[in-house]
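Some notes on the structure that comes next.
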């Protein structure tokens, strides 16, 4: 899978599917399930590393997990999903050269084919333009942007006409700078639909309603593995409960076996 194929999917009306992975095991599951895109998201800071936000994750963390995800793929390269890696907080906001170095490190030292970054401010658009000129495919991300949690919180974005127009202008600027697709998170469905209709690149939603070119979800949320469930991602199974019960069953079995009295060995035969 290559980035250009997602644009062809949009043109043909085929829905785009994207799921997250963070290691070889989760990558193998997502690949076997048939996702078009595997996102190594900086959400692994919370899902895997136990942080409260995505901010503490480093470029080294993202590279480590992206390498593991790529090793988990088993299909021939042409049949593998597109692997996209999130650039972490402050790896691309502190200058163009640093952004190119960070993105280049991910693509050079893993088998990822693209990177994703958040925001649509002019400084971010300039980063996208530079990366694309350097041959690095970029996926954009607007709406609720977790790396801006201390400024925007985890609130729904684009809820009034002024902010909707701003997000639309930012989306157009990201497309003009060369983004091959755009994630929109936790925005009104009508805004996502407007973006889908006016942009030539795919609009992939999460908590943005059904009027998108595709959808992305955190795999751990879909499997019901996380302690708290986001409102826009209903679990498809109670994975946490099932896993805990399976572990409890094994632990009980081991303890019960140990507690069962064993038949003492027969006494040794007397010497003749």
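Glycine too: its Cβ is placed from the backbone N, Cα and C atoms.
Per Swiss-Prot, the 3-methyl-2-oxobutanoate site holds 42, 43, 86; the candidate it also names there, chosen from 10, 116, 166, is 116. Annotated by Swiss-Prot as region 'Disordered', the relevant range among 229-250, 251-272 is 251-272.
Among the recorded positions 43, 116, 185, the ones whose Cα sits within 10 Å of the Cα of residue 86 (Mg(2+) binding site) are 43, 116.
Reduced to three states, the DSSP call for residue 86 (Mg(2+) binding site) is strand.
Other residues of the chain with a Cβ within 8 Å of the Cβ centroid of 42, 86, 118, the Mg(2+) site, are 41, 43, 54, 87, 88, 89, 116, 117, 141, 146, 147. Rounded to a whole number, the distance between the Cα atoms of residue 185 (active site, proton acceptor) and residue 42 (Mg(2+) binding site) is 14 Å.
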